[in-house]
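The compositional bias 'Basic and acidic residues' annotation in TrEMBL covers 1-12. The region 'Disordered' annotation in TrEMBL covers 1-23. Feature annotation from TrEMBL assigns transmembrane segment to 293-314, 334-360, 847-868, 914-935, 955-972, 984-1004, 1024-1049. Here TrEMBL flags D403, K404, T405, E481, F522, K545, R581, T661, G662, D663, R755, K761, N784, D785 as ATP binding site. Per TrEMBL, the feature active site, 4-aspartylphosphate intermediate maps to D403. Residues or ranges marked as Mg(2+) binding site by TrEMBL: D403, T405, D781, D785. Annotation comment: TrEMBL describes 807-1058 as domain 'P-type ATPase C-terminal'.
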Amino acid sequence: MSNSEKNPDGDPSKAGGDVTDRVTIRPDPKARVIKVNAVQEEKFGGNRISTAKYSFLSFVPAFLFEQFRRYSNIFFLMIALLQQIPDVSPTGRYTTLVPLICILSVSALKEIVEDVKRHTADNEINNREVEVLKDGYWQRLKWKSVGVGDFVKVHNDTFFPADLILFSSSEPQALCYVETSNLDGETNLKVRQGLPETSILLETKDLASLTGFLECEQPNRHLYEFAGKLKLGSNEELALGPDQLLLRGAKLQNTNWIFGQVVYTGHETKLMKNSTAAPLKRSTVDKLTNNQILMLFALLIGVSLTSAIFSHVWTRANEKIGYVNLPSTDGMEFAYNVLTFVILYNNLIPISLTVTLEVVRFIQAMFINRDLDMYHEESNTPATARTSNLNEELGQVKYIFSDKTGTLTRNIMEFKQCTIGGVIYSHEELFSENILLKHLSSNHATSADIHEFLSLLAVCHTVIPERESGELIYHAASPDERALVYGASRLGYVFETRTPSYVIIKANGVDAKYEVLNLLEFTSTRKRMSVVVKSPEGKILLYCKGADSVIYERLSDMTNTEALKAATESHLEEFATRGLRTLCCAVTEISHEAYEEWRPIYHKASTAIHEREEKLEDAANLIEQNLQLLGATAIEDKLQDMVPETIAALLKAGISVWVLTGDKQETAINIGYSCRLLNQSMELLIINQDSLDATRDCILRYVNDLSRDNGQVLPKENDAAVIIDGKSLKYALSHELRREFLALCTSCRSVICCRASPIQKAEIVEYVTQQTGAVTLAIGDGANDVAMIQKAHVGVGISGVEGLQAALASDYAIAQFSYLAKLLFVHGAWNYDRMCKLIFYSFYKNICLYIIELWFAIYSGWSGQIIFERWTIGLYNMFFTSAQPIAMGIFDRKCSQEIRMRFPMLYKPAYNSFGLKIFFMWVGNSILHSVMLFWLSRYIVGDGAVWSTGRDGGYLVLGNFVYTYVVVVVSLKSGLETKSWTVFTHLAIFGSILLWMAFLLFYSQVGRINALPVGKEILGIGNMVVASPIFWLGLVLVPVITLIPDIIFKAIRGTMFQTLDDQFRASEVMNIDPTDIISQKKSRINETARLLRNVRNVFRRTPSDHILDMELAHGYAFSQEEHGIVTQSQLIRSYDTTIPKPEDNTEMEDN
């Protein structure tokens, strides 16, 4: 029941009543009612989570569904069923069923092994511990044991085990800081605050004695929405909102502890509601293989119908021969003949292909898992292939969608450089050589500016100091502010104390007390923050820091200002070129009279009911004038190791990199420059509009500009980058603009989407995936990245930091973004090339043997008689030609990993390695080989007398001649296609030939054992074959003659028509530096055309565009929470660091 229903007047003072009375009144059926310190009437879901693909009960149906999405498995199941029909199968009843069961068993084992890893990762999270209040004592329970209604205690730097309502904390007024980068990608901390009525509950006995209930909305996926009410005892109902909600996936920061009550658990938490079930992904190669199998099926049906027609014709022509006892030639007999020939030729589709692929992929995944180059020693985290079904997808990625925070960056800010009074200071000059401190202590011309600059850094902020074990720790919602305050402390201006009315800093060892009069808050509109203070000397000063565009326009008209502005601007550009985040700093002295005149204006604006933000801005503009420029700071948002080099390599490989982040536009662009996704010569196409029409006009204008400048419709690889914010993105993804927006983005080298929600990230990835048809890869580290990771063809999670759900939902997990280069360039390219060869070779070897049945049918009256013994037909794929494709799929490579990592452009040629043209070339080659193998063998056998005695061996001797030659030819063919020979390659090729010879001799004697129902037909054939000199002559001539065309073709292609891979491989074999091979590709947009376009765009830009350009060129960026429950002014007025915080007096139950 809502407050309005209970109390029509809406007066909270009239609400309330006894708890029992409230419970007897039926609550809103759409609401969840949670009792406080009582047994719950409703049964809620548990807190155990699962990201695995299968459960014990779902494995069999889900696995079979996945396996029978492959047309080949459906086909072989049909063949196995048809073979059970009496007198239809020429190859026996079980020659297909047994291999099919073996193949499915191997696939099931692989899936079980991979899913056990997922269950293990889930168990690691489910078995984490948290303190839960039970029977008046705190007990350490596992996360999976936490239930709705439990009170939990969460400590600093710990993830929340479920969705909680904040009751109280170690901070004043139940404040706490929360890091949500795992949810929304934002780097700044959020402030959450419990209700005043619960903020006093600081001891265990206070929580244990509570009675009442909490009523809230049912579980939903809306991260930033929550509505509920709390009733304790006979007190009034208290409204609960999102500012009291602590979400699973977020982490407690800068707060010693909090007490909270669980409202949503497990898969009902908002985090898990935003996750989807692990999708059953299939690789592009798998999908294309399915289509190729359909073509082979069409070939099979065509050959079967042809054979049945010829059988019908032959039978009609010879029906008068009485002693043959030919069957009738009616329609039913024709249908039976079609089924017979379908079963006879069914092995044209390789039944072993599925299990071969599974085995090879599993071993490829093991190589990824054990790659020491992708092992992160610091966190003891290896690369993990959580699925092996997508190994080859890694070799054909065209688009990469990356998160920013935690993926590209470490979310660690460091004060690197500054410029003061026109003098620039490097990091070494600041902290190693102490040049700045020397200037400060001497009578340097800038010493006064240095003092004011460092004082500003130590005073103008919202940081909270705290001493822990004698060490001064700074807590801040903004990582930028923490970096600046910490940098100032290293330079001798230490921020030590904050109270509601003043701050104390120690400037070069001397305490200085600044009375805080007003704080003018930072917003993305103001792009600055100011603090009005009374200095120790009694002066009223206004310290201001912000974007250079807003600081410069508020500077005084002093004579020396222009030179200082020019010097500072030059330094800002230098900082921005290095990818540093910049802020300008300025100060002004305000007379007491002017301040007293302004103070009531500001107070009136701050208490305004309507348009408060606009009135506060107007009031701030009155006092933020006549500023004196002090200088600028440069902060480094530390990147993960080797991120710039990795992105540069990805771009060289022809891969488009999109950054999708929930962070601010300025921050995202700044990171774009520092990680080399953007460069100073690149044109930025910024889309930052507030309506659908404005967004449409902006996108179409950019489309027209690019089209006109290049003389064609949006050519690829424009030297430009699209920058779009979340609001504009909502309009750009609408059905009206999707196509134009995608065309614009795909024509540019880079795209950065700012303020993107998890759903928007997933929509972008899904739309690009569907519309371009290219292989996409999404990489991220947080829960907000799970949706896009699951939508992309390949999902990569950053692991190594606990609590990151992205790694659990990913297909591959790596510890560093830089490992992506080797994952794609080496493992991906190798695996894709290997799998293409493996699949085509599997088609080749099967057609090569089994189409021979068609040629033999010409001599057998189209009767369906087989030329080979039935079990050797099935064992051909399982034993005698299984090792060759496996060796090819595991060990073959064109270029070494060193060459591939050094020259990323080698990744490009792989895209077209699996087309129909190559497929038909392999099919044609296999048919040609089968023709030569059969008729050459038929020619040397002649009338069948292959021994000096003149004895005739019959059709099975011919069959085993042909079979042996086929094994030799297909084995040597695999050698011709192999680029890198290893011991295993030799064993696979020559070992398979020897295995067949040994098997032939052994199996031809098995028929002597009467108890065994196999081998009767082939009894003694092995000895007869090896005793024939004709056989040994053919063993030399037939394979050589068959393979001569292939050898000639490869020799011509390898010398006259070399690919880039061939050239690099040749240079590697000959130990020649391959640098000379590289031909620099000319850019489609030359520098002159780019400059002309920029000149034209100057005339079309508005004043706001120029301001934005200046900010981007000068590297402005600043992270700070806006419009939170607690304003920045209220936050600093809430703390008094001279008063000790509540002690952690938790009473743990003795176990």
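The backbone N, Cα and C atoms fix where each Cβ goes, and this holds for glycine too.
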Which binding-site residues sit within 10 Å of D785 (Mg(2+) binding site) - Cα, from D403, R581, R755: D403
Sequence-remote partners of the transmembrane segment (914-935) [C-beta within less than 8 Å, at least six residues beyond its ends]: 285, 288, 292, 295-296, 299, 832, 836, 839-841, 843-849, 851-852, 855-856, 962, 965-966, 969, 973, 1038, 1041-1042, 1045-1046
Best-contacting stretch, by C-beta pairs under 8 Å, relative to the transmembrane segment (955-972) and drawn from 293-314, 334-360, 984-1004, 1024-1049: 1024-1049
Whole-number Å value for how far D781 (Mg(2+) binding site) lies from F522 (ATP binding site) (Cα to Cα): 29
Among D403, D781, D785, which are binding-site residues, the residue with the most C-beta atoms within 10 angstroms of its C-beta: D785
By Cα-Cα distance, the member of binding-site residues D403, G662, R755 nearest D781 (Mg(2+) binding site): D403
Cβ neighbours of G662 (ATP binding site) where a neighbour is any other Cβ within 10 Å: 27
Site with most surrounding Cβ atoms, counting all protein chains shown within 10 Å, from the binding-site residues R581, R755: R581
Chain residues in Cβ proximity to the transmembrane segment (1024-1049) (below 8 Å; excluding those fewer than six residues from its ends, i.e. six or more beyond): 925, 928-929, 932-933, 936-937, 940-941, 946-948, 953, 957, 960-961, 964-965, 968-969, 972-973, 976, 997, 1000-1001
Taken over the domain 'P-type ATPase C-terminal' (807-1058), the model's mean pLDDT: 89
Binding-site residues compared (T405, N784) - the one with the fewest other Cβ atoms within 10 Å: T405
Surrounding CB atoms that lie within 10 Å of the CB of F522 (ATP binding site), all protein chains: 24
